[in-house]
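Here it is, the structure, as structure tokens.
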Amino acid sequence: MLVRRLFQPSTLHWAWRTTALNHPLGRHQGGLRWTHSGGRSYRAVIFDTGGVLVPSPGTVAVGWEVQNHVPSGTIVKAFIRGGDSGPWIRFIKGEITTEHFLEEFGRLCSEIAKTSVPVSSYFSLLTSEQVTKQFPVMTQAISQIRAKGLQTAVLTNNFHLSSGESFLPLDRKQFDVVVESCLEGICKPDPRIFQLCLQRLSLQPSEAIFLDDLGSNLKVAASLGIHTIKVDRPETAVKELEALLGFPLHLGVPNTRPVRKTMAIPQDALEKYLKGLLGTHSTGPMELLQFDHGQSNPTYYIRLADRQLVLRKKPSGTLLPSAHAIEREFRIMKALANAGVPVPTVLDLCEDSSIIGTPFYLMEYCPGIIYKDPSLPGLEPSRREAIYTAMNQVLCRIHSVDLQATSLDSFGKQGDYIPRQVQTWTKQYRAAETSSIPAMERLIQWLPLHLPRQQRTTLVHGDFRLDNLIFHPEKAEVLAVLDWELSTLGDPFADVAYSCLAYYLPSSFPILRGFRDQDVTKLGIPTVEEYFRMYCLNMGIPPIDNWNFYMAFSFFRVAAILQGVYKRSLTGQASSATAQQSGKLTESMAELAWDFATKEGFRVFKEMPATKTLSRSYHAWAGPRSPRTPKGVRGHSTVAAASPSHEAKGGLVISPEGLSPAVRKLYEQLVQFIEQKVYPLEPELQRHQASADRWSPSPLIEDLKEKAKAEGLWNLFLPLETDPEKKYGAGLTNVEYAHLCEVMGMSLYASEIFNCSAPDTGNMEILVRYGTEEQKARWLVPLLEGRIRSCFAMTEPQVASSDASNIEASIKEEDGCYVINGHKWWTSGILDPRCKLCVFMGKTDPQAPRHQQQSMLLVPMDSPGITVIRPLSVFGLEDPPGGHGEVRFKDVRVPKENILLGPGRGFEIAQGRLGPGRIHHCMRLIGYSERALALMKTRVMSRTAFGKPLVEQGTILADIARSRVEIEQARLLVLKAAHLMDVAGNKTAALDIAMIKMVVPSMAYHVIDRAIQAFGAAGLSSDYPLAQFFGWARALRFADGPDEVHQLTVAKMELKNQSRMQEPAVPRV
């Protein structure tokens, strides 16, 4: 078994030993012999395992590498590396333990990939139940071979598990002989292991057939005289094996199996009923089989005399309301018989439960092909394209049925299909609920609030998928559409979205297989965009732009269905053997639905350009809100006369009232979210930060993040100039986001809730600006989606890091990768358990010009050699869960492709990173200051000292006045800098960026200090946010460079600027 078959003969150079086995080949001791029509007789079939009976480990590795961002081919290269002395060969020979193998193999993979490779994850997948299921076609073939009296054997390269047992994911009762490499100490393609297998079968080589998927193994077997079959596809190999043996190896009806005991039905009563219905007087036995697909209604194949039928029944036991409506199936297929939609011929509906225990209906058996794997393995790309085109066309025919002509106009309610469906599936889910699933709870609230405004009404299938279609064996023609139990009158786009489930599911997903991890272009399958355009073109209708809603709804339905299947499996009612797996899948389907919900953009803002249909976005605009003036929003007497558009950035917007209507609504929504959802939870969030669990993410924060996503308040920070296509963010200008950033500064927790917190924002921006497509896929996307966090390693304890050219950390090229050594501190975010990426700055060439010595690397946090020495606190504040760490990097190896922009570009990247970041820091500080002043005003109006209210004390009034003036001055300076960045670029705005960093932290420090003074000792407590505001305001006088550096920059630029008015020269006397 396993990986020998992945290699070509030239890859490994074997030194074959010439010593013979201690025991000579035994001669056959009788037994059955099957003679092929060509005269050759066979007495046994020997099977390899991986790639023959179960999926190949190479195939498993390909998908796993894509999903885990491991360079393609790493696993296979590691299998080959070292030949006989490599860890893999020693492992399959049983010479080393699983733990020893994983340690050596992991180190080898990391060397090959130039990054850390989680081989334990691959090994778990390789040995998991989901990828070790025996191919049904092979199971049937083995059964038929043994029924004819031939022997069967398995000859496998396998290994020991940690438990000490050998890994063989098969029913050993299927085989007369099992030969395992890890038990024998030899492995394929060593000829001795073939000879050993033949000896235990008591056969000559010419009496056996051997199936393997690797030519090197087959070549050795053939040289011994064994007949061989190369396995590329199990189905094709079985046909070749049939031709050699001369008898059929599959059951007469594809996709059927003997009836499971829990699904047995009374055959005598059924046969009597059928003979009465069909007028059949045959005395032969009735043949009854069960179809191996169908999760909802049990489906059976019946052969009686010369009639082939299909029986479909309701499940036994108590059922959910309105579920398993086989009566509707019967009615719709009968009505469609002459309506241009291919359906099986229905014969009778029996509602008498006394016959087989439940109502059922009968239809003619329609021979053909059901493609259960949507990737259509083994077919040519052109054939795959034709099949999906035919699928699309038949869906259009369903949606084009004349409802009146077919008397189906009363088949369901007209209009409001989606609201009714959401309500129905919510009820179905509640009735089958076994435990609370957070994503389902969020969807149940979200879906009714985001319904499509306009819906067409047609006949809808309700469960339209590739595996519910029967195709012609020779051409891409749909012969019949099956499984109509969910059909009704409704929104046709729900059918279209449901038919695209496979595009978003991985190939390893049980029950509903997909091809998300495969290149559909290479397969020949239309992309989801092409499939949707094809549908709209065939129907003659314009495309819709709320595709994400329909996908969210589709996966919500799937989750509800799977929950029902799981509930029935607990009582033995479910019809499929895989039903019990559905309990684990409901949650993942709900999470996938929620992922679409958070990406759904409803085009609320008419001024914003519409996004392209079906294009993926990591920001979702929320639904419209009625305009209002939110409580606590500052007002200014000076209001911009007009709202500048993104295309014409003319005027400086100095207050929220001057924002465009679209952004103004977003601003108001943000204020409302913080006031209603964040402020009330601040005490509890503060308690979490002080608890023993503080280094774990707060569940409240995680819940608020999901709510923020759902309302479109997510990834607002990326400026339009960086992301002009709005692929990753909201497409706001620096000025627009500055106003929103101030609102986020009102709460210490807001930035993380909206995925707008440092250092992630800076790291995401440099990935957008400078990252390769591979770097974006691996790091940017999960950061944007909030699945991981990151840190930034630049500051060092041994040098004055205010001068970036001082850094001593080294980045050296060695053996095709970069090796990092250095000591960093104040590395913000590194303590967060979700931190998976470190953006590291070090020197690649100390001899280069001063600002070309540094480079930036993307360092996976699981790379060997990274040690967090200790957490650092700010005025005693630990800032969990991200914190700030002192870190040592020792011989950390990073692939060369992880460098950003190129060697010597680190200082350039750092400067590009700081511009927008300084706007964000400064506007959040203004938010701190605004809230501190508001708290101060409330406090002094409610407290009395020395016989009169504090508000009447002269010093208090003076402090309030100074604070207001300083806040206004600082805000105008920041907005001016943001405006210059928008209209002239960061370089032109350099002076203003330096000025705001010099002015704003100092301003905030003084304003917050005055508020604390007005509060007295209470201002120092954790009962109010003032102490934390003060601590971070003081710390930000260092972040992005200390005040003195910015003062120096401003002074130098001022002296260089000759355009300022100058005093006339003093005349000499």
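Each Cβ is built from the backbone N, Cα and C atoms, and glycine gets one as well.
Annotations for this protein, taken from Swiss-Prot, read as follows:
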type: BINDING; residues: 792-802, SER828, ARG943, GLN1013, GLU1044; note: FAD binding site
type: MOD_RES; residues: LYS413; note: N6-succinyllysine
type: MOD_RES; residues: LYS427; note: N6-succinyllysine
type: MOD_RES; residues: LYS427; note: N6-acetyllysine
type: MOD_RES; residues: LYS1052; note: N6-succinyllysine
type: MOD_RES; residues: LYS1052; note: N6-acetyllysine
Among all protein chains shown, how many Cβ atoms are found within 10 Å of the Cβ of GLU1044 (FAD binding site), not counting that one?
11
I'd like to confirm something. Which of the modified residues, LYS413, LYS427, LYS1052, has a Cα closest to the Cα of MET794 (FAD binding site)?
LYS1052
Taking Cα atoms as reference points, which of the recorded positions PHE792, GLU796, GLN798, GLU1044, LYS1052 is nearest to LYS427 (N6-succinyllysine)?
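When the Cα distances are compared, PHE792 comes out closest.
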Let me check the 10 A CB neighbour count of LYS413 (N6-succinyllysine). How many other CB atoms are there?
12
Could you state the whole-number distance in Å separating the C-alpha atoms of GLN798 (FAD binding site) and LYS1052 (N6-succinyllysine)?
27
Of the binding-site residues GLU796, ALA800, ARG943, which sits closest to LYS413 (N6-succinyllysine) by Cα distance?
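For LYS413 (N6-succinyllysine), the closest Cα among GLU796, ALA800, ARG943 is found at ARG943.
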I'd like the Cβ neighbour count for LYS1052 (N6-succinyllysine), meaning other Cβ atoms within 10 Å of its Cβ, all protein chains included.
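Around the Cβ of LYS1052 (N6-succinyllysine), 12 other Cβ atoms lie within 10 Å.
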Secondary structure at PHE792 (FAD binding site) (DSSP, helix/strand/coil)?
strand
Given a 10 Å Cβ-Cβ cut-off, pick out the one of the binding-site residues MET794, ALA800 that has the most other Cβ atoms nearby.
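The residue with the densest Cβ neighbourhood is MET794.
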